[in-house]
Amino acid sequence: MSGYILAIDQGTTSTRSMLFDRNMRVVGLGQQEFTQHFPSSGWVEHDAEEIWKSVQSTIRIALAQAGISAADVAAIGITNQRETTVVWDRISGKPVHRAIVWQDRRTAQFCDELKRRNLEPLFTEKTGLLLDPYFSGTKLAWLLNHVPGLRERAQKGQVCFGTIDSWLIYKLTGGKAHVTDATNASRTLIYHIGENRWDDELLDILGIPAAMLPEVKDCAADFGMTDPALFGVSIPILGVAGDQQTAVIGNACFEPGMMKSTYGTGCFALLNTGTDRVTSSNRLLTTIAYRLDGVTTYALEGSIFIAGAAVQWLRDEMGFISVVSEVSALAEKADPNQRIYLVPAFTGLGAPYWDAEARGAIFGLTRGTGRAEFARAALESVAYQTFDLLEAMQGDWKGATNHTVLRVDGGMVASDWTMQRLADILNAPVDRPVFLETTVLGAAWLAASRAGIWPDRKGFSERWQRDCRFEPAMPEKERESAIAGWRDSVSRCLTRPQ
């Protein structure tokens with residue numbers, strides 16, 4: 001049987017390739033970790049060539065596991081870690097420097113300088129983003145300023161810039177395609193998300209030559225054909241989007257007002273705002289959720305730095321649990337009369353506070369506080385932080401009503417206790433899907449729908465399956481008291497008034 005779909009999920013610490021059949025079932029999986037480089041404090045780099053090798057390797061593993069050949073693959077979809085910045089020689093295809101990862105903070109001073117020049121409102125108006133080292137633009141400017149001769153080569157069109165998706169497409173097509181999609185472009189700090197174009201004014205401010213930029217396409221489009229020298233046949237690449245955006249798609253959040261939240265080490269929540277490009281007054285990001293058939297759908301995005309990492313802290317630093325899976329059962333044993341708050345500002349606080357200097361703290365300790373209370377506080381901190389995001393989104397956009405249903409994915413959502421507490425604090429239903437790998441599923445759908453093998457948006461939404469819906473059950477007075485305690489705790493950790 002042909003008609004298989006290959007989805008490549010290139011993440012921050014590992015690469016996965018997953019094969020789906022016509023019925024959207026997983027039939028093959030390859031996964032491989034790669035090296036993290038930390039050349040200086042706050043710097044994070046990846047070897048783009050190592051990432052490319054991991055993609056080739058995991059594709060071959062997935063094909064072997066499925067027992068099929070590349071000739072049986074109808075289309076490829078790609079999803080990727082966003083913002084990570086690669087520059088390579090247009091002819092040789094060799095990177096000029098290691099990739100600068102989204103986590104890298106080396107351009108913090110440059111961002112501060114741009115803020116002092118009062119340029120952040122301009123960037124936000126055009127890109128929906130904040131002036132932060134997180135995004136690609138200042139990383140690319142750093143490379144142009146620090147790699148000898150790079151600026152001159154860029155001006156002559158001799159080098160290419162791209163996010164990871166663009167780099168992989170270039171390599172997969174044997175150097176024939178230098179392209180990206182609208183979602184990845186929207187994370188660069190140089191793309192006008194209202195006019196869907198690279199912005200000359202922002203390029204000029206950052207000193208970036210337009211000649212090095214990729215062509216921007218819809219998320220489901222013809223991105224090129226794989227070089228037959230790689231797998232013996234040419235396979236069309238038909239779907240591309242950043243990882244948080246494919247999670248929106250994989251959760252079938254196609255209607256305005258639908259919201260997804262991915263819980264891993266951190267948390268990323270995106271609220272579909274339809275064709276409304278909402279400007280946040282709460283320092284949330286405005287981003288492109290997806291662009292299909294030339295129509296741009298926008299989202300409000302909020303990021304939480306510490307979610308599952310709080311549980312890892314209980315295990316690794318505190319020694320309260322041996323394995324992460326123990327935490328829910330331990331939290332259930334906590335004394336209900338104790339209300340302990342953990343503000344996990346281990347690396348500052350993200351949206352909507354954006355306080356990089358805030359530090360973590362624990363409030364409400366008594367002589368009877370033990371491991372169980374710490375476990376409950378760690379899990380509850382995820383719910384409270386999600387509440388902060390939802391409240392900010394509801395303040396920014398009238399479509400984010402109190403009737404919002406949150407669809408969740410990621411490692412933490414396997415815990416029934418955590419999901420129930422999330423529903424209680426949000427006072428909103430929480431839906432957990434049957435298939436939790438929504439990021440890679442979204443990439444597969446983009447390619448498969450373009451190929452005409454999987455159903456369209458309506459059909460895909462109808463096939464989305466819910467494993468469990470968690471309905472809010474906490475009495476309102478108890479909920480209000482709990483949230484008031486959280487707000488008080490956070491206020492004590494902030495370094496500047498909100």
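Including glycine, each Cβ sits where the backbone N, Cα and C put it.
If you look up Swiss-Prot, you'll see T12, T13, S14, T265, G308, Q312, G411 marked as ATP binding site, on the strength of sequence analysis. According to Swiss-Prot, the sn-glycerol 3-phosphate binding site annotation covers T12, R82, E83, Y134, D243. Per Swiss-Prot, the feature ADP binding site maps to T12, R16, T265, G308, G411. Annotation source Swiss-Prot lists glycerol binding site at R82, E83, Y134, D243, Q244.
Overlay of Swiss-Prot feature records on the structure.
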{"residue": "T12", "record": "ATP binding site", "Cβ contacts under 8 Å, 6 or more apart": "Q81, T84, V101, W102, Q103"}
{"residue": "T13", "record": "ATP binding site", "Cβ contacts under 8 Å, 6 or more apart": "E33, F34, Q36"}
{"residue": "S14", "record": "ATP binding site", "Cβ contacts under 8 Å, 6 or more apart": "Q31, Q32, E33, F34, S54"}
{"residue": "R16", "record": "ADP binding site", "Cβ contacts under 8 Å, 6 or more apart": "I8, D9, L29, G30, Q31, T58, V440"}
{"residue": "E83", "record": "sn-glycerol 3-phosphate binding site", "Cβ contacts under 8 Å, 6 or more apart": "W102, Y134, F135, S136, K139, T163, R187, T188"}
{"residue": "D243", "record": "sn-glycerol 3-phosphate binding site", "Cβ contacts under 8 Å, 6 or more apart": "D9, G11, T79, N80, Q81, R82, T439"}
{"residue": "T265", "record": "ATP binding site", "Cβ contacts under 8 Å, 6 or more apart": "I306, A307, G308, A309, Q312"}
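For Q244 (glycerol binding site), the count of additional Cβ atoms within 10 Å of its Cβ stands at 25 [all protein chains shown]. Annotation note: R16 (ADP binding site) sits in a strand segment as assigned by DSSP. Looking at G308, G411, the binding-site residues in this record, the fewest other C-beta atoms within 10 angstroms of the C-beta turn up around G411. Annotated pair Q244 (glycerol binding site) and G411 (ATP binding site), C-alpha to C-alpha distance, rounded: 15 Å. Between the binding-site residues Y134, Q312, the minimum number of other C-beta atoms within 10 Å of a residue's C-beta occurs at Q312.
Its own atom aside, the Cβ of R82 (sn-glycerol 3-phosphate binding site) has 25 Cβ atoms within 10 angstroms in the protein chains shown.
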